Amino acid sequence: MITLYNTLTRQKETFEPIEPGKVKMYVCGPTVYNYIHIGNARPAINYDVVRRYFEYKGYEVIYVSNFTDVDDKLINRSKELNESVPDIADRYIKAFYEDVGALNVKKATSNPRVMNHMDEIIDFIKELVDEGYAYESDGDVYFRTRKFEGYGKLSHQSLDDLKVGARIEAGEQKEDALDFTLWKKAKPGEISWESPFGEGRPGWHIECSVMAFHELGKTIDIHAGGSDLQFPHHENEIAQSEAHNHAPFANYWMHNGFINIDNEKMSKSLGNFILVHDIIKEVDPDVLRFFMISVHYRSPINYNLELVNAAKSGLERIRNSYQLIEERETIATDIVDQSKYIEQIDAIIEQFETVMDDDFNTANAVTAWYDLSKLANKYVLENNTSTQVISRFKEVYQIFSDVLGVPLKGNKSDMLLDEDIEKLIEERNEARKNKDFARADEIRDMLKEQNIILEDTPQGVRFKRG
């Protein structure tokens, strides 16, 4: 039985799907005007794990995540680069697939694009106008926020609270400062579409409502995204969707925590804006994913190299223990009864499922993986060789790998072979003889980065993999 924290009710609830055996998920995707940053990568990874766990439990998951390919940021980028909005969007959508693919994020069931749903968006807005939930004003269309009685229920704010910070910008012809834009009047030189309200383009919030409705129907099981989207984006989605559909928009709302960089908020002005496209050239994508899931999805993450290196070491311990089990398989027999180990392994998988059932607690799931790794090391050190036990170890390692999305083996092309290490040790010895200590230290540090430890022995320098 899976429970999850529902932002709408601010409590954990037992998950009950609309349709037995099926989960309909909508996850807000990126605005494709640039490469995604690690703040975008977090929900991609977190909700990929949620999807994987539902699938592990036997559910069919319809996973929809959109691309915002019409937006102020894209229009500004278009002017800056002197390229068309569609061309820029196409380029960064391709880059998105490459980046999240490197992070082992499964491809969504569907990735709808705003431009492909323009007719549906216009019809949706027209129906809101016809029902009195929206109004036209000098080429723009606004949603009548006060007409929707439940406004503020997701962010747990009253209309009076919201009114305090609301204002009408220059050029806006709103009835109320709380009203938000559904359709923007075209400006000279900007991409636009014909509509009954005049030429223009959709507002940000309406895009997700329409794509979710088109892909998943009136009511979806889970709507997810970053905490920064809770208000106003998700609040506005609820208002316009429920006004249009006359039904609850989503039964469960999930929001992941923020990412800080060295204890500071990530921002371009601070110069700590990290793009996935860049960081995966320096940090193994498997390590980055493992780092992300080592923290509960609702908790904030502090990104720094020390913590990433700790995640790297942790993942290497797991992989090394799995390699030992694989090597033991070649000499496995069924001579001795070792059912006690089967019981211990089964207790760990039960522990894993218990914590994942509790709001997808990947931090504790990783702890269960470490426990499995320790047990595997103990098993090998005792020179045990039961085929049954080794098979069960491998099976559970694979379950953890599949659910958490972290491969059991790294990219072999990135690993130094033994003969390469021996050559580097010889080169280091030669450098020390020649008093080239800078080169000797450089080789030592390079090997250390590969988690290879050098040891001085009476027989000479030896190495071991950490």
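Backbone N, Cα and C define each Cβ position, glycine as well.
Range annotated as motif ''KMSKS' region' by Swiss-Prot, chosen from 75-79, 200-204, 265-269, 350-354: 265-269. Listed ranges 30-40, 162-172, 173-183, 338-348; the one Swiss-Prot annotates as motif ''HIGH' region' is 30-40. In sequence order, W204, H205, E207, S209, H223, G225, L229, H234, N236 are the same-chain residues whose CB sits within 8 A of the CB centroid of C28, C208, H233, E237, the residues recorded for Zn(2+) being left out. Across the motif ''HIGH' region' (30-40), DSSP helix (H, G, I), strand (E, B) and coil residues number 3 helix, 2 strand, 6 coil. For the binding-site residues C28, C208, counting C-beta atoms within 10 A of each C-beta gives the highest total at C208.
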